[in-house]
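Student: I'd like to ask some things about the structure below.
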């Protein structure tokens with residue numbers, strides 16, 4: 001990005017604004033609270049407390065045009081091979097809508113629709129049985145997305161199925177889950193793109209044995225033959241996924257099977273509708289009015305121009321408590337790259353460390369560091385305008401904290417006692433959902449997906465591969481025999497010492 005024609009101008013704006021006080025920016029642009037706000041369907045965004053002004057934003061958008069961001073969106077939606085290292089499309093948008101006239105995208109949408117109807121039929125069959133509980137086994141993209149959505153949208157009571165998620169290879173996770181269940185009234189779903197994932201195979205074997213066979217086992221995989229063979233699952237209970245959908249973008253596919261069981265098939269379709277509506281906004285809205293573009297460019301500004309190494313996400317709705325963990329994978333696995341599309345080294349820092357938690361709990365853990373620490377941490381505050389629980393006073397208090405914390409972080413407060421002084425200058429974006437509905441959550445997740453893509457285009461990196469996860473897995477498979485007592489040549493001296501400790 002530093003090699004673009006507009007970078008010097010952008011850098012000059014950063015030098016000008018780096019030490020600017022956020023109240024001064026608001027005073028200089030009196031209409032800023034509304035001019036820097038956007039409403040897209042059920043989502044409201046306010047960027048007024050970010051440390052840029054109109055001139056800096058214009059410079060950011062100039063680089064986005066130089067990087068052909070609009071063309072990049074067209075290539076994504078039309079199913080071109082934007083995943084250049086694996087020579088694949090990234091057609092997660094086609095799982096939820098048919099928004100272009102590109103044949104490859106339309107065919108992908110039709111294929112996804114057919115599989116979704118198959119999934120609906122399987123749900124109807126399960127509803128006709130005595131099954132009350134579902135154990136969903138997967139990891140990474142096969143777990144984080146479904147777990148987030150199921151937890152966020154499940155009814156407080158009265159759901160037809162209770163869905164339990166197991167991801168970690170640690171046997172304690174499976175033991176604790178199965179201890180509360182009756183195998184005669186439980187079904188299992190094994191989700192793995194390749195069906196070669198160690199965690200899923202080991203946990204799947206435990207579940208298969210506990211259920212007493214494969215009669216109530218289902219699978220979702222891009223390798224359905226291997227899935228069926230590994231656990232003797234009838235082909236009719238195996239749903240496909242595809243190599244043109246990355247795991248962290250796959251909750252909209254049959255990977256969402258446990259979501260549909262947890263919240264109902266109709267509400268699962270509403271989730272997809274909300275995402276598709278936001279997709280349409282991204283595809284059809286000029287860059288300057290495009291919320292995903294503004295969110296992504298804000299992240300680039302904070303990372304590359306203001307030097308922020310981390311980004312916090314605070315969800316002021318307990319039902320969204322798992323969103324920070326989901327976004328960690330979406331953002332950091334997509335953008336944790338050090339080389340550009342052509343294999344040359346990047347010319348600027350890429351992804352920040354994303355982290356966070358649920359408010360107001362986080363105010364009593366790490367907010368001390370946000371307010372008075374030496375690092376400035378940009379943040380997203382996410383809340384809901386309307387709650388649907390009967391405790392209105394609690395929701396009012398929750399939203400008061402959103403308003404108070406974002407104001408305090410931005411404005412600070414002077415004191416004659418330095419221990420009680422707040423420097424301010426901490427930027428944040430506020431995102432408000434009208435209510436936590438399937439449509440709103442679908443739109444919110446879609447926004448973050450597209451924000452990630454914006455950042456990848458600005459940095460010239462591939463958001464859709466993840467080779468960085470492979471080396472550790474390869475080494476683990478080589479070391480496993482050594483932990484079982486076999487003779488293995490281990491070159492690393494520290495690993496040898498640790499092996500000796502583990503083997504006693």
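Yeah, the Cβs are placed from backbone N, Cα and C, and that goes for glycine too.
The active site, proton donor annotation in Swiss-Prot covers 333. Per Swiss-Prot, active site is recorded for 364, 473, and the stated evidence type is sequence analysis.
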Student: Round to a whole number and give the Cα-to-Cα distance in Å for the pair the residue listed as 'active site, proton donor' and residue 473 (active site).
Tutor: 15
Student: Looking only at 364, 473, the active-site residues on record, which one has the least crowded Cβ, with the fewest other Cβ atoms within 10 Å?
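Tutor: Looking at the active-site residues 364, 473, the Cβ with the fewest others within 10 Å is that of 364.
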Student: Could you tally the C-beta atoms, other than its own, that fall within 10 angstroms of the C-beta of the residue listed as 'active site, proton donor'?
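Tutor: Summing over all protein chains shown, the residue listed as 'active site, proton donor' has 22 other Cβ atoms within 10 Å.
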Student: Cα distance, residue 364 (active site) to residue 473 (active site), nearest Å?
Tutor: 36
